[in-house]
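According to TrEMBL, the features are:
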type	residues	note
DOMAIN	41-276	domain 'G-protein coupled receptors family 1 profile'
TRANSMEM	30-50	transmembrane segment
TRANSMEM	57-79	transmembrane segment
TRANSMEM	105-126	transmembrane segment
TRANSMEM	147-168	transmembrane segment
TRANSMEM	180-200	transmembrane segment
TRANSMEM	221-244	transmembrane segment
TRANSMEM	256-278	transmembrane segment
């Protein structure tokens with residue numbers, strides 16, 4: 001994000017000098033390659049669900065929402081690299097009105113990616129909960145129309161929030177709001193997991209009769225959540241340290257890994273489609289049909 005990078009570049013030089021940690025710089029080619037792979041992989045996920053009628057169910061709608069979030073995160077970096085390239089070639093006036101507007105739009109995509117991922121994972125967790133403990137009523141509770149309505153509300157809120165956060169990005173309350181969504185999502189999903197565990201103990205026989213597909217979906221969510229935390233938590237921590245202790249040498253030492261943390265975010269978009277393919281036989285079959293140009297039912 002432009003605003004984060006600008007703040008990072010303005011960190012007190014004394015803190016950097018007091019830190020023994022060198023600033024880690026990664027080649028832009030690495031970011032660009034990973035971002036391209038992330039866009040293509042998640043686009044394949046979207047096309048597989050769109051073209052395969054057997055995958056057009058609420059659960060896969062929610063997975064598509066997460067895929068869109070990942071794709072936006074990768075697209076952000078691609079557009080940022082193109083903007084930097086055009087500026088270096090002299091086609092854009094540095095800090096001109098067009099570049100400033102383009103930066104704000106690109107930053108909105110980045111924030112939208114994080115917010116979309118948070119809410120998509122949360123709604124997937126709620127879907128898995130209903131699937132496991134209200135299996136008989138699932139199709140009456142989670143209909144395609146309701147799933148579409150929930151996703152429409154989520155993405156409308158995420159879009160408005162993303163624009164608002166970019167406008168007020170230098171405000172500390174904005175930073176606190178932005179970073180607090182991350183632990184709030186974890187608390188929500190953790191509460192669902194604890195409740196699921198307690199119900200599972202109380203209804204052990206009933207749970208044992210559940211279909212393996214439902215349990216596989218819960219395990220898939222756990223893997224997706226673990227990867228999301230691993231890839232995004234270092235960046236969220238970076239924002240907090242940069243806001244509240246920018247002059248501390250230890251904070252500056254951690255912040256020297258800014259580009260490494262950014263690369264982890266890009267990797268999240270590449271890893272998730274592999275998780276879908278590995279955990280879902282239906283998606284794996286759809287991918288094979290797309291690759292070998294087979295006809296869809």
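Every residue, even glycine, has its Cβ placed from backbone N, Cα and C.
Bear in mind that TrEMBL entries carry predicted annotations, made automatically and left uncurated.
Proximity of the transmembrane segment (256-278) to the transmembrane segment (57-79) is established through 3 or more Cβ-Cβ distances under 8 Å for residue pairs spaced 6 or more apart. Of the ranges 30-50, 105-126, 180-200, the one with the most Cβ pairs under 8 Å to the transmembrane segment (147-168) is 105-126. Within the chain carrying the transmembrane segment (57-79), a Cβ under 8 angstroms from the stretch's Cβ atoms is held by residues 31-32, 34-39, 42-43, 45-46, 49, 102, 106-107, 109-110, 112-117, 119-121, 123-124, 127, 131, 142-144, 146-148, 151, 154-155, 217, 224, 262, 265-266, 268-269, 272-273, 276, 283, all 6 or more beyond its ends.
Among residues of the same chain six or more beyond the transmembrane segment (30-50), those with a C-beta under 8 A of the stretch's C-beta atoms are 56, 60-61, 63-64, 67-68, 70-71, 73-75, 77-78, 81, 262-263, 266-267, 269-270, 272-274, 276, 283, 286-287, 290.
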